[in-house]
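Please read the structure below before turning to the comments.
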């Protein structure tokens, strides 16, 4: 009951209201989650030299983090349905910060695996998925556009973090950089505290819903008592203390306030509680939906192309002899282009010229082309052009593929929470295999371009599904 009182109750999806606060919270959650993950390539060469490890061994740090983030998605859904989105996101923020601060004291790569990969990875999952789910519940008609704009937080974070962390790394070292980033990530706790739950009660459902038997009996008893009281008063000529005339004004006001409206609200709250108890914490019935299965396999292979380019773009630029101070600007250009890609994709999907899934298909084809172009670049201008094109296409896919789960031709908004949990869980295999696969190919071929080819192959398979 206490949770219901703190919830926002609307007769229909508001497409705004407190949803704008949730959108701002999601923006900053993106800044301190995916924004940090995508900027981790800045530390790549420093960690290789410090720990004297290979490319593939260092890439496992991000790989384990992404795997835990996606593999524990069902756990995030279960906890959110059981305890609510707010406490889960706040707990995730604490775990993210603790893992990053712990990594700043790591003495081996294995300790980095545990701190960033496991602890922070679990925190990322508990933070990101509940936030994007509750944001989708606050919007309907403008869902694609608002989610796309709010998700640009990670793009602005990469734009700011890449050069800032590079400069800070040269000044104070990678350990203090991780310590500062971990402290900043505590802001996620504040964002989580703003995620008020939402309850949609349709007016027509209220009129059709029959009151419970207990409420009917109470109503009949009150009506009988009032009828008997008024009859007795007329017959005897004596005004009884319970008659309306003898009732004080303030008591009359209380009775009026405890009339049908309050009873309806109590019945509504009770019905909402019963529905929550009857609903499974994780609905695996989505796996019987053939459209969802195809879409989940698309997400599985598309994930291969999401993180590896961001991890290897700086090593690739250094291998081509590009100055170390210019390399981080590849990530910054990529991030700015991703902003335009996300907003543009949200605007196009909001117009609905054709089915949204077909528009997503076009985005995937262009992203595959962008990945294939990287190995053909041989100077700063070429890599910058590839980074801008890739960032724009990456934004169109990453900013829309999870909100599309809420579409009726996949699972619908009612099953979105479970659908997203299972969808991201299936992605976990690719999240674990993607960066190390690229690292192994780089070690075998001594060419960073091979990592981009592996990502393009994964995106081509995603196109098929």
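The backbone N, Cα and C atoms fix where each Cβ goes, glycine too.
Annotated compositional bias 'Polar residues' per TrEMBL: 238-249, in sequence order.
Annotation comment: TrEMBL describes 252-262 as compositional bias 'Basic and acidic residues'.
For 19-465, the entry in TrEMBL reads domain 'Major facilitator superfamily (MFS) profile'.
Per TrEMBL, the feature region 'Disordered' maps to 238-262.
Sequence annotations record features per position, and here TrEMBL assigns transmembrane segment to 20-37 (among others). Within its own chain, the transmembrane segment (20-37) has Cβ neighbours under 8 Å at 62, 65-66, 89, 93, 96, 100, 124, 127-128, 131-132, 134-135, 138, 146-147, 149-158, 161, 181, 184-185, 187-188, 191-192, 194-196, 307, counting only residues six or more beyond its boundaries.
Taken from TrEMBL, the feature transmembrane segment applies to 57-76 (among others). For the transmembrane segment (57-76), the list of distant contacts is 37, 40, 44, 47-48, 51, 88, 109, 112-113, 116-118, 120-122, 124-126, 128-130, 282, 303, 307, 311, 420-425, 427-429, 431-436, 438-439: same-chain residues at least six beyond its ends, Cβ to Cβ under 8 Å.
Residues 29, 32-33, 36, 76, 79-80, 112, 114-116, 118-128, 130-131, 175-179, 181-183, 185-189, 191-193, 195 of the same chain, all 6+ positions outside the transmembrane segment (88-106), place their C-beta atoms under 8 angstroms from a C-beta of that stretch. TrEMBL lists 88-106 (among others) with the feature transmembrane segment.
Here the transmembrane segment (112-133) has Cβ contacts under 8 Å with residues 22, 25-26, 29-30, 33-34, 37, 47, 60-70, 72-73, 75-77, 79-80, 85, 88-89, 91-100, 102-103, 106, 147, 151, 188, 191-192, 195, 402-403, 416-417, 420-421, 424 of the same chain, all six or more residues outside its ends. The annotation transmembrane segment is assigned in TrEMBL to 112-133 (among others).
Among the features that TrEMBL reports, transmembrane segment is placed at 145-166 (among others). With a cut-off of 8 Å between Cβ atoms, the residues of this chain six or more beyond the transmembrane segment (145-166) that come close are 19, 23-24, 26-36, 38-39, 42-43, 132, 135-136, 139, 177, 181, 310, 325, 328-329, 331-332, 334-336, 338-339, 342-343, 345-347, 349-350, 391, 395, 398-400, 403.
According to TrEMBL, the feature transmembrane segment maps to 172-195 (among others). Residues of the same chain lying 6 or more positions beyond the ends of the transmembrane segment (172-195) and with a Cβ under 8 Å from any Cβ of it are 21-22, 24-26, 28-29, 32-33, 36, 43, 46-47, 50, 85-90, 92-94, 96-101, 103-105, 127, 130-131, 134, 161, 165.
Marked as transmembrane segment by TrEMBL: 292-314 (among others).
If you look up TrEMBL, you'll see 326-345 (among others) marked as transmembrane segment.
Here TrEMBL flags 357-376 (among others) as transmembrane segment.
The transmembrane segment annotation in TrEMBL covers 382-406 (among others).
Taken from TrEMBL, the feature transmembrane segment applies to 418-442 (among others). Remote same-chain residues near the transmembrane segment (418-442) are listed as 54-60, 62-64, 66-67, 69-74, 76-78, 125, 129, 132-133, 280, 282-284, 286-287, 292, 295-297, 299-308, 311-312, 315, 402, 405-406, 410-411, 448, 450-455, 458 (criterion: CB distance under 8 Å, separation of at least six residues from the stretch ends).
With a threshold of 8 Å between CB atoms, the same-chain residues lying at least 6 positions outside the transmembrane segment (382-406) that come near it are 132, 136, 143-144, 147-148, 151-152, 155, 292, 295, 298-299, 302, 306, 309, 313, 316-317, 320, 322, 329-331, 333-346, 349, 356-357, 360, 363-364, 366-367, 369-371, 373-374, 376, 412-413, 416, 419-420, 423-424. Cβ atoms under 8 Å from those of the transmembrane segment (326-345) belong to residues 38-39, 41-42, 144-145, 148-149, 151-152, 154-159, 162-163, 166, 310, 313-314, 317-318, 359, 363, 380, 383-384, 387-400 of the same chain, restricted to positions at least 6 beyond its ends.
Long-range contacts of the transmembrane segment (292-314) within the same chain: residues 37-38, 40-42, 44-45, 59, 62, 66, 70, 158, 286, 327-328, 330-331, 334, 357, 364, 367-368, 371, 374, 383, 387, 390, 394, 397-398, 401, 404-405, 410-411, 419, 422-424, 426-427, 429-431, 433-435, 437-438, 442, 448, 451-452, 454-459, 461-462, 465, each at least 6 residues beyond the stretch ends and with a Cβ under 8 Å from a Cβ of the stretch.
The predicted model assigns the domain 'Major facilitator superfamily (MFS) profile' (19-465) a mean pLDDT of 78.
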